[in-house]
Each structure stands twice: as C-alpha cells, then as structure tokens.
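To start, the structure under review is shown below, and the notes come after it.
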C-alpha cells in the first residue's frame, strides 16, 4: 500500500527521507527526528499503537539472549584487575570511569529496557524484529543505544594504546557486566523454545572484542559488589556460564523467597542453588555446557504428574535414631492395644448375638403361651366357643361379661343355699319335737 506523503515536490530523496525512520539498522538516524516529522507524515503503526488505542505503556523488556555476548557456549576466562597503573594487571579504565560510563548508559528507561549488541550481527536484526513484533517500539530504543555506543567506541579508538593487556581488561569488564545479565537470563524462557529458527548461530566460544560488543549490567550495585569481592593484588580468573552464573546477594534473596513459595516446580527449583554454588566457584579451566539449561526447560513445562486422591495421605517424616526407637516402641504398644480392642469387640459381639438369640427364643415361647391362653379363654366363653377367628379384644370383652354373669349366678346360688340350710334346720327342729311328743 503506497504511503501518502504531503510533499508537493516528488523527489525520490525526500521520499526516502520520509520513509527512512521505518528502517531498523540505521545508526546515524536520530530518534527524536520522528517527532519533528510527525506533522509531515503519518507515524508508524508500531509506534502509534498505544496512542491510538489509549493503552498502558509496554512492560519492561525481558533480557534478550544474543549469540555474541550471552550465548550458552560463551565462556570468558580472563584475569581481572581494576588498577589503572601498569603494575596491577594492565587495567585501562579506573573504577570511577567505569561507574561513570555505566551511570550515563543506564540513565534513561529506554536504555535500561534494551540490550547493547553489535548492530552488524545477524542475530541482532532477528532480535530487533522479534522485540518489535512482540513489544512494539524496541527499534527506537536500539537506535538511541547504538548512537551512544558508537560515541563510546569512537572514544575508545581515540584513546587506544598498543598495550596487549588492555584487551584482557576490557574482556574482564565485559565479563563482569555479563554476570548479573546471565543470572537474569538463566531465569528467563529460552527464545529457541518459542521461535523456529535458532537464535544462537555461533556455537563455538567467541573472544570478547573491545569494539564490536560490550554488555552492561542492569544495576551498578552488582558491579560494585563484584569489584569489591575480587582482590586487587592478584588477578583472579572469572568463569562465566549462562546456566550457572555466580550468585550475588540479590540472587540469594530471590532464591530464599522462591524456596518459601510453593509451586509446581519447587522441587527442581530447590536443587538448582546447590548446583549453582558448586559451578559458580572460580576455577582455572572453564568448560562450556550444553546450550540449553535444564532449569529453563523445567520452568517452561509444568509437571504433568497428578496427585492420586484415592491413595491414603503420606504422613511419613524423617526422625533421628533415638526418636525412631521411641516411635517404634509406641507403635508396638499401639498395635497391642489395638489387638486387644479388636478382640474385645469381637467377644462382646458374640455375647450380644447369644443374648439376642436367647431373647428371641423366650419371646417366641411367651407369645405361643399367650396365644394358647387366649384360645382356652375363647373355648370357655359359650358365645365364642366355635369362633376360631375371634380377635383377642372380643375374647377379652366376652370373657369379662361372662365372668360377671357367672359371679351373679353364684351369688344367687349362695343365697338359695342359705335359705335351704335354714329350712333344713327348721325341719330338723320340728322332727325332734314330734319324736319327743310321740314318746
């Protein structure tokens, strides 16, 4: 799609100047010139997207993984000395000069978010395209950094001397700058996992050039700590690996905080500091490690092992020998008591079953006897004598009425018996009188 330019003169040089800010690797281009040309031409979509949609500014960029500086195969084994004199190892920059360079380069946020690298490198173009596609606006920061880097490189060329120890000092400074950067980069996700083409083209370890590439740590406190830790009198070799960077105070605090947190990767994460402390110790001969760290791969992939919820919870803990003996004795006693408890419930259950069985037998006998007594009572009642289906309530009512009638009859019979007895007594007395009169 052609770009609509508001120029009246159709000059190809002017057209190229208007489109020139869209090219990435132009070290002589001024970043602030785009603001002056914004009235003459429309801005780039990647630069104007936040103003167009009114979104928040981009988050800080993650540290990039360049093949020239912080590739996993890069190893720097150089003596380091901060003395500016000729006796202490040939250092060309003093501590004040180095700190001034770091503070000037770390002054702006745009420089803090970018990583200084060789602009002629092929991976630099790839990384610029990646960062611009992902974060939108990385190219402008890279231009500003490349301009400042070019000025410092020119200053180094002017103040250059044929002293061969100067290259070693510059390599040592850049290796010091790479310490915290490699420590931060080992915690990041490897871009080769995400992107199809390899970012680290050069697998062989490269020497540290003083003009093409230089890396600065994102904080000056780590530089001070590293310079104070190294002795000034005797040069000490520094071995820098990407996977196992030397642990600083901030790294140890972050590792302690990571150990306190519980996550999916906590087991692998806690095993890493021990390995770092072993490999981060200074040694004379440094060997390159495989390009990809297993820690990075573990951070990329979440563990797929799931907890077996059907299994009983494991309460196993490691105790000293004395505590283990006590716990074993306690366990034996508990097993004995549990066995006793298990035997007593069994005996009690059998006793209860026997009691229930005898109770059922007795209850059945009582019901049979009650039924027989009801049948006998029914047979005594003349009204229900032939009624085999008479209910118990009817039997009881009829029996009560029959008993009352029988009692009334009994009273009548008793009264009649008394009358008959009196009559008999009277007749006996009259018979005796007749016998006495006849005699």
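The first residue you see is number 1, and the count goes up from there.
Placed from the backbone N, Cα and C atoms, the Cβ positions cover glycine too.
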Which range of 315-324, 325-334, 355-364, 365-374 is motif 'UBR5-degron' in Swiss-Prot? It is 355-364
Pick from 100-108, 109-117, 118-126, 127-135: which range does Swiss-Prot record as motif '9aaTAD'? 100-108
The annotated region 'Disordered' range in Swiss-Prot, which must be one of 149-179, 335-365: 335-365
For residue 371 (N6-acetyllysine), nearby residues of its own chain (Cβ under 8 Å, 6 or more apart in sequence): none
